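Enquirer: The following block contains the structure, expressed as structure tokens.
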Amino acid sequence: MKGWMGKFRALFLFSSLLLVLSGCGKENLTAFVPEGYGAEVSLNLIIISLAVMIFVILVVMIVYTMVLVKFRKKKGQEDFIPKQTEGNKALEVIWTVIPIILLIIIAVPTVTATFDLADDSKAKDSININVTGNQYWWHFSYNKEEIQTSQDLYIPTDTRVYLNLKSSDVIHSFWVPSISGKMDANPENENTMYIEAYEEGVYWGKCAELCGPSHSLMDFKVIAVSPEEYEQWVQDMKNVDPEAQPETASAQEGQKLFQENSCIGCHAIGSSPAAVGPNLTNFGDRTRVAGVLDHDKETIVNWLLNPDELKPGNKMAGNYPKLSEEEASKIADYLLQLQPSEITPESAGNE
Amino acid sequence: MSTAVTHKKGFGAFLWDYITTVDHKKIAHLYLIAGGLFFLIGGLEAMLIRIQLIKPANDFVSAGFYNEILTMHGTTMIFLAAMPIIFGLMNAVVPLQIGARDVAFPFLNSLGFWLFLFGGLLLNASWFLGGAPDAGWTAYAPLSTTSPGHGVDFYILGLQISGAGTLMGGINFLVTIINMRAPGMTYMRMPLFTWTIFVTSVLILFAFPALTVGLFLLMFDRMFGSGFFDPTMGGNSVIWEHLFWIFGHPEVYILILPVFGVFSEVMSTFAKKRLFGYTAMVFATVLIGFLGFMVWAHHMFTVGLGPAANSIFAVATMAIAVPTGIKIFNWLLTLWGGNITVNSAMLWSLGFLPTFTIGGTTGVMLAAAAADYQYHDSYFVVAHFHYVIVGGVVFGIFAALHYWWPKMFGKILNEKLGKLTFWLFFIGFHLTFFIQHFLGLMGMPRRYWVFLPDQGLDTGNLISTIGAFFMAAGTIVFLINVISTSVKKQEVAGDPWDGRTLEWSIPSPPEHYNFKQLPLVRGLDPLWVEKTEGRKEMTPAEPLGDIHMPNNSILPFVMSLGFFIAGFGFIYQVDDLSWLTAVFVGMGIALGAMFVRSVKDDLGYHIHKEDLEKGAK
Ligand code: HEM
Ligand SMILES: [Cu+2]
């Protein structure tokens, strides 16, 4: 008996200790530290339901422990035949009614929160962004502003931003745990949700619905900046001249190669809503290549030479002529200098 | 027609006997062996998954292969391991518990097994024929309709064939329980395990057709160019999700209800008390079964059904916690005041109570729709359903095996090894899955091939993998136990646990006709009733007479083999129409066997009274 409970307690202590050690996860990824409205509503509900459920678990564990302590077979009692109780009406009623009450305590805030998070009455007067999930990258098209980005979604803080989610291929799911819960991007309809970030920062987003081999590499970032900076960023993005000449010779050659090698067939620079591949307008400002890889020249060259190795199953592989390492390096120089704005993930105060 | 059973010798004869058998007790062995093997395969796949996730950005397996093992792990565990083992248990026990000589349709019973097995073999053949399915066990369209290669085709046909077998099993047990109970066994005197199998069979009857229809539509989309789930052709991929979960949610209750029955039997036997609140337990079972059909969309809170639908399904889901709670407390009160023996079977039951309480409570948390926006498709869900499926179903299977092993094989599993298995598995289980609740909320989505470094996910994943090794060790100890027990000579009497229900009133293992004379049931826990009145065995309800038995038949095996061959034909005719020959040959074999079965009179045989008396003491 002692041994049993002892082991259980040790296990419990061990796991709580580990939690303390590992903290609550990375602060711009975890749902435990909400930095936005949706995440806060969800967390409140999580806490309410968790509290009720811990109560239930405690009651069960107390009765359970008492049973094990008191009613195990004792020496000399091997032949003892206990009373064959049939049941107890009063008890049955108690453990039917109390759970119902407990569930009402959870159900009421659940329904309220569910309707709250689906409220789109303010959508018209707010920023609307069409979000398209693709194998394995995200496209963001700002409705009124008529600008596009990929992988990095810029939003102003303390503002409800409405997202109209859709998929261009299989089902994906848009999830930025520290700002909001998730919503699926289906191929046949548009789902709307809103997000609101409280603090400036770079928040990590993930695709949460299995979408193929590189499902786990379909990361994106939400970059929350102050409303003024956001305005500035929008202006900078609008003013981009896709044809502008880069400064260095290598980048100029890269630009030519970019156009000759049918890169431009899939990747727009400047506004082009119907791109097949990620929009590269502000590629130089990104924190990651392809959502997950280090943003440096070497990685970009590797990516251009063999995208399938870095992101298995992606739709870029094999759709452009083979590049030499030198060509790739020039294209990388060109891409890295695509930095239309001072408002970047770095300026938002995070990597 | 022969009168006595002829005992042929040799391994070939032994094999032939099992391939042709229509005896539910032998079919139970077949289910257990096949389900056990698939359980090991699924476990191996699980270990590969956990090894891949032992550290960030690991490259132990490739992305494509990872999705295959992930898909096959889920599919195998649900369809080819948990379900068949439960079918094995119900075959081994239900007819005995209700005092029947057989199941209602012995031939169908055998057909159900062979369909399951050949469906499972077809599914696993994909590993060797260009790649397994990789769209998840839920096979969401359009990922499943567009997945290259033949993996998903194997999924469709494998599950279609084995699903047909399951449906047959369900119908068979429904009819058996309704029609073949011993005299005096009213519904409210049925042991709880039989009750749960009864409700489970009803669930199978209503849930599996949804899967059948869904798989057909998927098959037509993939093989014949229809567009049911293809939005570009006016189809709708969300329909697949509905069809899948209309089947899929009841499916998890098809798994869990039988083990609720197991625990009820084990706890009352080893606490030496009748089940507390029997009537409430029965109604809770029926209610859980019913509600199980009403809540499928709780798997779809983030699909965009809107707040009204989400709220309705949220509240309906929470309602299931009420009957489940009733069960937990009734079990506790069954133990309360008892004289509890803690052996292996009981350890699994005692381990189940706190574990399942955690799994059930996280279920209620998941039901809170707006909170589920965070949990959904994250490791939190992985933790939740393993708490219920492993902490419930697998613990229940282990409890049942230790409990009924002597009845099935006439031998008792080694207690020391049994306890060691439990502790390794129990500790490993909580190490593996408890931490995953937190991983999910820390931002780890489910079905991730790699997680990136420096995201706070490293420690949790490492612990989880360590736990998985403990579970694997526990399983190995169990295998050692099974092997060493089978080579030992010891034999046990009919009633090693001082049991309460009818199966313990006959020898272990039972004669092939089960009961020489049908017993007269005079209350709940009929054997216990007799014991309290000082008798050692059941009072017969009929005089000794001839017993009618069904003949063995190879036809179920042949039919299933036919469908198996046709399955390959369907899969490969997409590449090359000459594969249609395989469709015709396979279907020809299957239909031919059906034809033979229809026109050939098979009246079975009788065991004569004199032969029964000879065997009597
Ligand atoms: C109190 C009882 C239960 C409740 C309230 C409950 C609730 C839920 C909810 C709301 C989900 C959806 C989670 C999500 O994907 O976001 C879920 C998922 C799941 N549940 Fe349960 N559940 C219960 C019992 C069970 C049982 C008994 C089983 C199996 C034996 C089970 C197996 C599963 C599985 C496999 C999933 C994952 C489905 C998937 O996405 O692949 N649940 N459950
Ligand atoms: Cu995705």
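Cβ coordinates are placed from backbone N, Cα and C, and glycine is handled just like the others.
The annotation domain 'Cytochrome oxidase subunit I profile' is assigned in TrEMBL to B:10-522. Taken from TrEMBL, the feature transmembrane segment applies to B:30-49, B:69-94, B:106-129, B:154-180, B:192-219, B:239-263, B:275-296, B:308-333, B:383-405, B:417-439, B:459-480, B:554-572 (among others).
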Enquirer: Which residues of the same chain, at least 6 past either end of the transmembrane segment (B:308-333), have a Cβ under 8 Å from a Cβ in it?
Expert: 260, 263-264, 267, 275-277, 280-281, 283-285, 287-288, 291-292, 294-298, 301, 353, 356-357, 360, 363-364, 366-369, 372
Enquirer: Could you tell me what the rest of the chain brings near the transmembrane segment (B:154-180), counting residues at least six beyond its ends with Cβ under 8 Å?
Expert: 71, 75, 79-80, 83, 87, 90, 94-95, 98, 100-105, 108-109, 111-120, 122-126, 129, 132-133, 135, 139, 144, 190, 194, 197-198, 200-205, 208-209, 211-212, 215-216, 218-219, 222, 560, 563-564, 567, 570-571
Enquirer: In terms of Cβ proximity under 8 Å, which residues at least six beyond the ends of the transmembrane segment (B:106-129) contact it?
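Expert: Sequence-remote neighbours of the transmembrane segment (B:106-129) are 20-24, 27, 30-31, 34, 38, 41, 68, 72, 75-76, 79-80, 83-84, 87, 91, 150-151, 154-155, 157-166, 168-169, 171-172, 550, 553, 555-557, 559-561, 563-564, 567-568, 597.
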Enquirer: State, in range form, which of B:69-94, B:239-263, B:383-405 has the highest count of Cβ pairs under 8 Å to the transmembrane segment (B:275-296).
Expert: B:239-263
Enquirer: Six or more residues beyond either end and a Cβ under 8 Å away: which residues meet both conditions relative to the transmembrane segment (B:383-405)?
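Expert: Residues 32, 77, 82, 85-86, 89, 92-93, 252, 255-256, 258-260, 262-263, 265-266, 269, 343-346, 348-349, 351-352, 355-356, 358-360, 362-363, 366, 375, 411-413, 418, 421-422, 425, 429, 432-437, 439-440, 478, 485, 497, 503.
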